[in-house]
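Per TrEMBL, the features are as follows:
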- 1-90: region 'Disordered' (REGION)
- 103-268: region 'Disordered' (REGION)
- 119-128: compositional bias 'Acidic residues' (COMPBIAS)
- 138-151: compositional bias 'Acidic residues' (COMPBIAS)
- 228-247: compositional bias 'Acidic residues' (COMPBIAS)
- 427, 428, 429, 430, 431, 432, 433, 451, 478, 495: S-adenosyl-L-methionine binding site (BINDING)
- 552: active site, nucleophile (ACT_SITE)
- 629-692: region 'Disordered' (REGION)
- 636-657: compositional bias 'Acidic residues' (COMPBIAS)
């Protein structure tokens, strides 16, 4: 019976009233078989396909029988509440088959043997398990095991042999007992399976001893190989040159002065010849006593190497010598080579407008490949490649970042300004360090951005406005005037003008346009500026009192010599740690010069070591001046003067003889002061008498 006809079927016509036994004894659907013997069921037969009779009385069998199907069970006829009364009087044994046949006579006409025996269906208590069969357990074994199982008789499903991989090995750590007989192995299995603290410790020690022995053997092999390489190194270098086809297999010969002149007359040597000669000179200078030619000095090899560097990289002879003396021979070549490669493009996040994570995500969405510079800064980003101009993005125009070299972040990190402080940047253009200071101050306090060049203050002002720095005052004074113009700063940053020997990769003109006079003038200017910067710091500052001196140069004349001069001229100043976790220490001794031992607190940065521009950073702490420090100096200075006076008196000074010289000196002093000079004949005797 269908679901739609379940509740719409009309009640069947009542049978003849007849006393029937109780439904509890006969069952709900069982009818009295005695009254229905030989009689046809009074329920009208209905065909499924014709649909005749009452349309509401359509029936539907749960499963239509097919030809040859003989499954035992009972049909499910769920008719609702009223349907049970209509089927109680049907004779199960006699007329049920005929009734069903009448219902399906159209569909069974072709095959008279196909009958639907409802007695064979017992679907009320159907158990699906026998139909499904027993559940199979799949065992994923190796291919070899499957082949073995195919040859052997198959085991019942669910009782197959387990995989060998599931079995736990008896021995995890092989021991010496493995080489013994099988009897001893069997006897020791139980002991080895027992894992105790003593057992584990012994095994661990044995393994450590074995590993240490192997490490010693490896170290000995490496030493032996290194010695063999050193012995055969001379021959190998010549062989490499012969295989490349650049040179003959003859040993390296250092050219003499006459041969150099001949090369210059021919237009200079070939670049390949120069390159090989540089490599050979470096190899000889590393072990000069073993590899040098007889009768040739170290200075000859060094001079030839510097001449080749100057011609190969395009430096003048003076600058090559000055930079070559800063490093060992092999490292000097690395320094000159690093200056030919441009440094990575870096940007600094403006924390006044955004965060580094948000800025990085925005630039990545625009097709920029970048990553943080390092752990030493939390605002720097290194740009590898970009599909858009990194200096014209909407984020750049909105002031979210500043194009700034990684090395220029170091002085501000060392200065470490605190909120609500007064800070002076004595040489601030184009504003990278100034805006970095303002960001660390969180737009509190005051930052005085000074630059002596008024033209450069325009770019400084533009960057200050673009980055949203509201606590910056831009001014243009000579840095040497600042103690008189304004003082009392908590912190001062002096990024002094320098020769630029650390940024040769950006400005290649430095290779040729620097001379000894330039370095002399620059160092003199830097010494003046650092003294003025020290005087501008307030020693009474509660949070500050610091000065940071930095340059983008790597020469000693502009760095350690200037710092040592400031320490000697200002005894109330001392060097402190810069707070930078990397970088090389400054020189305390250089080519016969000895500097203050505290210069090891300064930091040097090189392009071939740190992959950033060459830089120097030092940090001073300015303290209060004391009279005890100045009194001994005055006493010492006074004693030589007294001794000189005594010597002059003992020498018998004759005033009449030296009168013309005294008059001329007096006149020169008056002219220098802008005073009116009296005539010679009137001024001389009167002045001398007044002085007497």
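Even glycines carry a Cβ here, placed using N, Cα and C.
Across the residues the record lists as binding S-adenosyl-L-methionine (427, 428, 429, 430, 431, 432, 433, 451, 478, 495), the two Cα atoms farthest apart are 20 Å from each other. If you draw a 10 Å sphere around the CB of residue 433 (S-adenosyl-L-methionine binding site), it holds 26 other CB atoms from the protein chains shown.
If you take the C-beta of the residue listed as 'active site, nucleophile' and look for same-chain residues 6 or more apart in sequence within under 8 angstroms, you find 407, 495, 498, 500, 502, 503, 613, 614, 615. Of the listed binding-site residues, namely 427, 429, the sparsest Cβ surroundings within 10 Å are found at 427. Of all Cβ atoms in the shown protein chains, 13 besides its own fall within 10 Å of the Cβ of residue 478 (S-adenosyl-L-methionine binding site). Cβ neighbours of residue 431 (S-adenosyl-L-methionine binding site) (same chain, under 8 Å, six or more residues apart in sequence): 449, 459, 460, 462, 463, 464, 467.
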